[in-house]
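Colleague: Following this message is one structure expressed as structure tokens.
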């Protein structure tokens, strides 16, 4: 059974505190937009789809609380301004993740249109917001399962031409249930392969410096009893070079895909794409359409978040033998005191290194001109 990282029911929101994983599984309450902002900024929740969902739901919880307390204005214009201000605030928690900005824009548009509707009130606006927020959670899970099915089919069709019924896959960072409403994007593809008895082995990278692969992806893989092996980031080249490894594909997620296919994802993704190209391994990006930013022409325009030097120079975990005791978490220094640190959270993989982008509407490959064209994905009249 897949993990449930986000629990939302009866206008109550809880998330797994991912800072404590894999040692302690604890759900923490999110009671306001401010709580949501801090959870995202502090990486208690991460993964582009999950960030957007938690942000939107955190405001839903706050609006519900205001309404229950009898403090909600009857004016839809006044409530609308409050919601829009909170949405803008939430976007500042993680500027690289396009899903968050995209969700905020959509909800802002919904709010603006609702306030112009005849008979609109503060109460009706909040009701509309809550309904859309809940649908967002449902749709993300459905989209992820479609991504998984499309991606698994694409990989297996190509593996079959080489006589392979089962495949080995490499993934980076965490793109599973912990990064989404459930099931996952890139890890959803791997999960679909496993469910179809077509996964021989998945390799997951440690994903320095924040160790999302070692802490989170490995946690999910062990939880679901998938055949899995953890490697450090620097071992990927050696893995691909081993004839017996037979890695069919590298599948990663995305925080933002530019209009030309350039993809911002966790630092280290670009290096894996270069390795894949050299070794003739398919390199795939798995992401919902909300991650595709058609307003950003290329990766050159993507803002890359830089994080604290301490994430590189220190590491946090429990003392060996005391796993499970949250009070025994220790921070250990790894690097020489005084060394300068550069710590970008993401890098941009050029579209030229990406073989395909897997979405909930299907797999997009480059056209005859050698470029990605995503417009058809957004044509609601076209079939999936």
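Placed from the backbone N, Cα and C atoms, the Cβ positions cover glycine too.
Bear in mind that the values here come from a model prediction, so they are computed numbers and not experimental data.
Summarising the annotation, Swiss-Prot assigns site 'Transition state stabilizer' to 173 and lists sequence analysis as the type of evidence. Feature annotation from Swiss-Prot assigns active site, proton donor to 255; the stated evidence is sequence analysis.
Please situate the listed features within the shown structure.
Modeller: Cβ-based neighbour count (10 Å, all protein chains) for residue 173 (site 'Transition state stabilizer') stands at 29.
If you draw a 10 Å sphere around the CB of residue 255 (active site, proton donor), it holds 29 other CB atoms from the protein chains shown.
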Colleague: Hey, how far is residue 255 (active site, proton donor) from residue 173 (site 'Transition state stabilizer'), Cα to Cα, in Å?
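Modeller: Cα of residue 255 (active site, proton donor) to Cα of residue 173 (site 'Transition state stabilizer') measures 12 Å after rounding.
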